[in-house]
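**Q** First the structure, which I've put down as structure tokens, then a few questions once you've had a look.
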Amino acid sequence: MGNTSSMLTQYDIEEVQEHCNHTFSQQEIVSLYQRFCQLDRNGCGFISADEFMSVPEFAVNPLFQRLLRMLDGLNFKEFVAFLSAFSSRASLQQKVEFIFKVYDSDGNGKVTFNEMLDILRDLTGQFISEQQREKVLTRVLEEAGYAKDSLLVQADFMKIVGNSGLKMEVEVPVD
Amino acid sequence: MSKLSTSSSEIDLDRPNIEDYLPSGSIQEPRGKLRLRDLLDISPTLTEAAGAIVDDSFTRCFKSIPPEPWNWNVYLFPLWCLGVVVRYGFLFPLRVLVLTIGWIIFLSCYFPVHTLLKGNDKLRKKLERGLVELICSFFVASWTGVIKYHGPRPSMRPRQVFVTNHTSMIDFIVLEQMTAFAVIMQKHPGWVGLLQSTILESLGCIWFNRSESKDRGIVARKLREHVEGADNNPLLIFPEGTCVNNHYSVMFKKGAFELGCTVCPIAIKYNKIFVDAFWNSRKQSFTTHLLQLMTSWTVVCDVWYLEPQNLKPGETPIEFAERVRDIISVRAGLKKVPWDGYLKYSRPSPKHRERKQESFAESVLRRLEEK
């Protein structure tokens, strides 16, 4: 099934495991490789945006565009590292770091008001007006003690969303 | 009788709620005053996306699940090699011979009947039906098909259609062997297309083109006309619209269920013990698929003719379609998924994403007002 021209050797699996900080077991990595090959239909070593969009459950997700940008051109090792935040073995820190990276589109380590607004726009679409979105965001920011022009860093995100109630886990099916 | 809906937007709105089927659990109804945390915590949405990347119910429907290799030890491997020699060297040429004989008989009877009996329509049609059933039997023999038919044979009555699950184009041959159906199919290129436009045409088959959206209205009209006609062959419809791997069933298109006729469900289940009859049209051409079948030991399947169903009072065609899909899936041991088979060829409509956005937006605005 899929492109098995490059079978995973034990060495490959260990390298990938190292790269994702052991958040996945070796069997899970093998399963993820099968999945990667299944999605990478033309076998060019990475999954194109089109190939991701052929998964209907992914295509109907409001954040699909943001995630496609992050998934663009990833090879298998990087693909596993991307998904590592969703493993049950990932720490709270890793999960919050992932959420932060989704917001921080220019990757400068600081999340601006506009970057937060962009995500809110993806999540609410045309069902809230632009003005109302800005008002809502400003209001909740101020109530949490942040001015409108504050720049949030990862530590802030850890404070705001990082608590034991954060559930961000996906199970990798292992046959 | 419901009016025919031809616009794709209407079809989307009529669909049963996909959210009922999708793994939720992450989206619980949030309570309490809106805080910064509620806006920044996108973990449920991200989890859904990651879940889809790792495994999704749609792709599973079209995966050819390979059988466990059993020929891996010193004793079994030579046996398997012997089997290969028998299958390719002996059975395959024999089967090609049988099929060729069948085609010769068929063609030499068909063309005379078709041309000479042009005036005598009733007799001509009867003979043509018999001949098509014959060639299908030859096809089945060419794979040494073992087909068990269960249930009462469908009686030829007006205003009834037959629906069945779809695994491969051989479904048509398997059923046609027993009863000469008229079928509604996608127009294919190549030699299959040639067969479609000549011989199958005489059975009263209807062709459509998946990629043309205007086609839907034309096809709906043709369906209606066929069903009204008294001595047309009974119509066989594959409501899934595409080949699925015989472990799952995708959503049924409602076209067959809004004709105002009795719907007779048929369930087909292939036994994968000798060969996997799933035609993975993404991976192989039909010719390759047929060759694969002809070089395996046998094709084993069960066909169940199930109880005819009618639209219940107060039931919409979509609900009717889902009910019949349920009956077929239970009989054939298929798991139901809420996806449209055509998503193999196109992207889902933005409406589904918009519904999610709408529900999130609603909850944000509502909680803003709470104190």
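Glycine residues also receive a Cβ, built from the backbone N, Cα and C atoms like all the rest.
Per TrEMBL, the features are:
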{"type": "REGION", "residues": "B:1-26", "note": "region 'Disordered'"}
{"type": "COMPBIAS", "residues": "B:1-10", "note": "compositional bias 'Polar residues'"}
{"type": "TRANSMEM", "residues": "B:72-90", "note": "transmembrane segment"}
{"type": "TRANSMEM", "residues": "B:96-117", "note": "transmembrane segment"}
{"type": "TRANSMEM", "residues": "B:129-149", "note": "transmembrane segment"}
{"type": "DOMAIN", "residues": "B:160-271", "note": "domain 'Phospholipid/glycerol acyltransferase'"}
{"type": "REGION", "residues": "B:346-371", "note": "region 'Disordered'"}
{"type": "COMPBIAS", "residues": "B:355-371", "note": "compositional bias 'Basic and acidic residues'"}
**Q** By DSSP assignment, list the helix, strand and coil residue numbers for the domain 'Phospholipid/glycerol acyltransferase' (B:160-271), in that order.
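**A** So the domain 'Phospholipid/glycerol acyltransferase' (B:160-271) is made up of 39 helix, 30 strand, 43 coil.
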**Q** Do any residues, 6 or more residues outside the transmembrane segment (B:129-149), come within under 8 Å Cβ-to-Cβ of it, and if so which ones?
**A** 91, 95-96, 98-99, 101-103, 105-106, 109-110, 113, 170, 173-174, 176-180, 199, 203, 233, 293-294, 296-303, 305
**Q** Using DSSP, what is the helix/strand/coil residue split across the region 'Disordered' (B:346-371)?
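**A** Secondary-structure breakdown of the region 'Disordered' (B:346-371): 20 helix, 0 strand, 6 coil.
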